[in-house]
Amino acid sequence: MADHSLATPAHGARASNVSAVKRFFQATEIDTRLLGMVIALGFIWVGFDILSNGLFLTPRNLWNLSVQAASVSVMATGMVLVIVTRNIDLSVGSILGFVGMIMAVLQARILPPIIGFEHPMMWIIALGAGILVGTAIGALHGAIIAFLGVPAFIVTLGGLLVWRGAAWMVTSGATVAPMDTTYRLMGGGADGSIGVTASWVVGLVACLMIVLTILNTRRQRRRFGFPLRPVWAEYFLVISGCIAVLGAVWVANSYYMPVNLARRYAEANGIAWPEGGLQIGLGIAVPVLIAIGIAMVMAFITNRTRFGRYVFAIGGNPEAAELAGIKVKWVIVKL
């Protein structure tokens, strides 16, 4: 009895702590699965930083990683919908390579004799052609999967090999150059970033959007009689979101232009080169902004449109979705 009575307060304290943590997550409505993945990613980053003697968590490396991850992020937004509908796409990387080669050849070899190199419409035509080619390939894969009944794994595995070979065939493995200056903007690098001032403006606009989103969500909940988050939880979400955004902007601005590029920039803009050199922050890379914009568009499509509801309905039960009047095969083709 004595041992049991002594263990009771400790057990009660642990239960109180657990309930406090549970109440915190319930009040803030933070996705614990997403939080767990973020924490795991943080441990991985710290591990890499230790193994690299402090080189991994530097502004330069994080900036380069953000640029390299931008294209993968864009593809991932589409793959989410494919996976939700119980399908898979193994060919997306090969399609990206093929479409990229088509756009490169179009703007470097085909269009210059017609409209001239560095024409203002060059990048629009090439980008439009790339979107059309990518859409056609996706529709072809979707039609084979939906109407012929071939499993997505088989179709896209074949596409992985076919479009990888097609990308090589378009250029015969040769380098395609020169590229339009607009592509250097979209590709990152010193020319493909928006600078320090514009980056802070983007960060402040993002913080304003966070505040407006929280306020609008609270207003909608009150309007329809849904439970409201505590005020302290709203403040916590706003402050945490703004700290994360402004911290990311600070890291991007802390990566300075290499000396040779900074010298060329100073000469091109008539800036005197000081004895100690210039520290010109690159700011947020354009590919990162493109990836963020596309992610926001895809979030709107999945949460606010009929097509998004159809996708989740098909993922939940394709047969029930078909019986409910959803044209499942056409939705698969569109994906």
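Each residue, glycine too, has its Cβ placed from N, Cα and C.
Heads up, TrEMBL stuff is auto-annotated, nobody curated it.
Note that the coordinates shown come from a computational prediction; the quantities given were computed from them, not determined experimentally.
What TrEMBL says about this one:
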{"type": "TRANSMEM", "residues": "34-56", "note": "transmembrane segment"}
{"type": "TRANSMEM", "residues": "62-83", "note": "transmembrane segment"}
{"type": "TRANSMEM", "residues": "95-115", "note": "transmembrane segment"}
{"type": "TRANSMEM", "residues": "121-140", "note": "transmembrane segment"}
{"type": "TRANSMEM", "residues": "145-163", "note": "transmembrane segment"}
{"type": "TRANSMEM", "residues": "194-215", "note": "transmembrane segment"}
{"type": "TRANSMEM", "residues": "235-256", "note": "transmembrane segment"}
{"type": "TRANSMEM", "residues": "276-301", "note": "transmembrane segment"}
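Within the chain carrying the transmembrane segment (276-301), a Cβ under 8 angstroms from the stretch's Cβ atoms is held by residues 63, 66-67, 69-71, 73-74, 77-78, 80-81, 185-190, 192-199, 202, 249, 252-257, 259, 262-263, 265-266, 307-308, all 6 or more beyond its ends. Against the transmembrane segment (235-256), stretch 62-83 shows more Cβ pairs under 8 Å than any other of 62-83, 95-115, 121-140, 145-163.
Sequence-distant contacts of the transmembrane segment (121-140) (same chain, six or more residues past either end, CB-CB distance under 8 Å): 95, 98-100, 102-103, 106-107, 111, 115, 159, 163, 180, 182-183, 186, 333-335. Here the transmembrane segment (95-115) has long-range neighbours at 71, 75, 121-123, 125-127, 129-130, 133-134, 137-138, 159, 163-164, 166-167, 170-171, 176-180, 183, meaning same-chain residues at least 6 beyond its ends whose C-beta is under 8 angstroms from one of its own.
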